[in-house]
């Protein structure tokens, strides 16, 4: 559970001597620091042991980190536990999208990866209210130790369930476990029918692309040469922009923002929890539309709309706030206060920003980052993409608490400008990947590929290849039937001749 200012605030803050500013930022960003480490190691673990076993390996770090947090007696011990938990987050956040992308049909890939986003949001919402409920447990440390201890439960269930999931057929093909790859591909795509046209066409495409990739440069050069730098830039930057969009200002520190709008106590905590419910509702809507609208459209217009919300919140705070040097309700991190209509506007646009984020950048950045890599580079590449996410998450986690004290409302203006810059890069350099097979996307990023702004959501070449295989199989079956009829006819004539 990511430690936010709202989580059982009273007991936890008192026990750790009321951290504020840089100290609060260090505690908040410790998980992101560990995630950077996890992202770096994720690719090698996933390529060596497989996507499924890499996730099992990640669970071990979570158990260690949670143990430290539950037993914590100091800030240092708490930070260490969160760093270990972060290693898990770095591995899972990079390799779960890889796994889902590699087992999904191209027409369902976006929706499947959004399920991961929904699971994360449900987890956040549940843990938020668990933290809120645990805050009523009496005792100096029982409230937050209980909440942190509950983190063991989902990890144990995840470890129990993992062995029952199939391994990625693309990873199996990569390590020359051909029979297993074909069997699993048939099982997940065609109910076990090995000769299904889709299975045949997809496996042929996987092998064709994999053979070509093995002739490409090795080591880190494969992320730069032969046009690969375009994919590396896209994968890394789409995750960086997700953080630089400023959504975490709302999700992590919405309690501060609502305190600026005059909310306090349980009303503030419950109002803050509403954002997680909104997140789930609107991300669920995108499950049905993500593979119909297109990635570029959602990224570009989502970033522009989020920028507008930041400008409104920053403008309202800048024009109407009262400076409170001692901190609102004694909290030194909150030194601005607005009331009346301006306060309601701040709350409304904070919610609106979360809704837009849930519909656009929150799910699409992970989908896009998982799609742009080749099979040979996907595990390491997604680690690089995840590294972009967690590096900037770490930086922003350190930056936000002091920024509330120093540049105040200007923080929202900064994020508004960053959103517009992100939209510009999305438009200029991100080709449309929706509706394409993972192997087709390689062509989109090649030297001879089309300009990003000229690409459209379209039908996959795999559909044509599937139809071709089906046609060939049908012709083969027809030819075999005709030959059988001819053979039977010859036998019939032969029998009549002998009788005569």
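Glycine is treated like the rest: Cβ placed from N, Cα and C.
Keep in mind that this is a model prediction, so the values were computed, not measured.
In TrEMBL, the transmembrane segment annotation falls on 273-291 of the listed ranges 273-291, 444-462, 463-481.
The transmembrane segment (112-130) makes no contact with the transmembrane segment (298-323): fewer than 3 of their CB pairs lie within 8 A, with pairs spaced 6 or more apart in sequence. Within the same chain, residues 34, 38, 42, 45-46, 77-78, 80-88, 91-92, 95-96, 99, 145, 148-149, 151-152, 155, 158-159, 162, 379 sit at least 6 positions outside the transmembrane segment (54-71) and bring their C-beta atoms closer than 8 Å to a C-beta of that stretch.
For the transmembrane segment (343-368), the list of distant contacts is 93, 97, 109-110, 113-114, 116-117, 121, 234, 238-239, 241-242, 245, 247, 250-251, 254, 257-258, 260-263, 271, 274-275, 278-283, 285-286, 290, 295, 298-299, 301-303, 305-306, 309-310, 312-313, 316-317, 389, 430, 433: same-chain residues at least six beyond its ends, Cβ to Cβ under 8 Å. Each residue in the domain 'Major facilitator superfamily (MFS) profile' (1-434) has a pLDDT score, and their mean in this model is 87.
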